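J.: Annotations per Swiss-Prot:
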{"type": "TRANSMEM", "residues": "20-42", "note": "transmembrane segment"}
{"type": "TRANSMEM", "residues": "63-83", "note": "transmembrane segment"}
{"type": "TRANSMEM", "residues": "91-111", "note": "transmembrane segment"}
{"type": "TRANSMEM", "residues": "116-136", "note": "transmembrane segment"}
{"type": "TRANSMEM", "residues": "164-184", "note": "transmembrane segment"}
{"type": "TRANSMEM", "residues": "191-211", "note": "transmembrane segment"}
{"type": "TRANSMEM", "residues": "239-259", "note": "transmembrane segment"}
{"type": "TRANSMEM", "residues": "285-305", "note": "transmembrane segment"}
{"type": "TRANSMEM", "residues": "313-332", "note": "transmembrane segment"}
{"type": "TRANSMEM", "residues": "337-354", "note": "transmembrane segment"}
{"type": "TRANSMEM", "residues": "377-397", "note": "transmembrane segment"}
{"type": "TRANSMEM", "residues": "405-425", "note": "transmembrane segment"}
């Protein structure tokens, strides 16, 4: 491949930070919706599955509606991924936030089972399906856009900022539910209180749309993809044939990230209430505090990943959860409130290593002309099978085995697999250019360096297979 130093991408670090904010709003929207749903499962179950008398089965049906919706994420990933690779990242990010806001609003407006019968759970499922379809293109698009707009040397630190949106959305959901449960009676929450956060989610979506309309297309897409449209002809079968190892590593990384993520953010509140017997307000405050602490931790690990490589930070997370998952869940059963907090913090601490590294590292696994679609499909298939089903699987394991530590065994097993795959198959790309792209730099010194060292600038050429 002929090297042209004029193709080195000069990016503005300040603009890169603004892209993190604009894309992070979408993450906040997604996780605000998910957090509200997770915290209000008891009320949602009572409204949409009221004929079911058994509370455990009603809860499983409510989680099942969430899990089934995840099956639509890969379809959304295919559709939005193809559009994103062909027409640009920005158009997809604008579309997905509109669809997410609409589906969140719809859930807040739905009549209950007592009002319209079987249509109530059907409409709830359809709203979750729309949410799943739209988020199928959202997170992969946000990761791709931020990675392609950031200086290579700061890709992980800026990418970790994307997860502030994730954590902030969940924190906002947690605070709102805590406030509502404090001021409203349980009867009022079951009647109308649970709907309020879903209705307010519309305003978060509109704010995100306003910010995203101001975004420019990523420099990598403009310089390396849009100018070479003939490279889009490669199909998914060819992608799998050429890059099956990269796809496998990405799949496993998303598995251990999302099983941990959904275990802590979606299942743990229910676990603390139903197994540990903490009240809803205490649970909400605890999870909110841990999420807040995770924000600076994620930013710290993001900077660390840029210095020592994301592979080592991955191994801190997978290794830590291999050793401490069971211990953390055991601490949750302590009679001491402080010890319970420590147990939750252990899980949040190691989760923050994934929050820090995933946004900046997953997009680097694929070449520019196939990045969005391949990442989107791989990410969403993995999330659909393992992420969205985590609360359902964890609930089933406890019910089936009678062992309250069963979720910890599951988390440990996933972490062991992740540790082995990352150790033997993952290549650290921190500080390197994205595959298929010229380097992204934010100063003339780095630009001059790569101009004089083309082999380092295009390190990926020798690995390319199509």
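Including glycine, each Cβ sits where the backbone N, Cα and C put it.
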J.: Out of 20-42, 63-83, 164-184, 239-259, 377-397, what stretch is closest in contact terms to the transmembrane segment (285-305), meaning most Cβ pairs under 8 angstroms?
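T.: So the stretch in question is 164-184.
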J.: Do any residues, 6 or more residues outside the transmembrane segment (116-136), come within under 8 Å Cβ-to-Cβ of it, and if so which ones?
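T.: Result: 30, 33, 44, 47-49, 61, 65-66, 68-80, 95-96, 99-100, 102-104, 106-107, 110, 376, 380, 388.
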J.: Are there at least 3 C-beta pairs under 8 angstroms linking the transmembrane segment (191-211) and the transmembrane segment (63-83), leaving out pairs fewer than 6 apart in sequence?
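T.: As far as Cβ distances go (cut-off 8 Å, pairs 6 or more apart), the transmembrane segment (63-83) and the transmembrane segment (191-211) do not touch.
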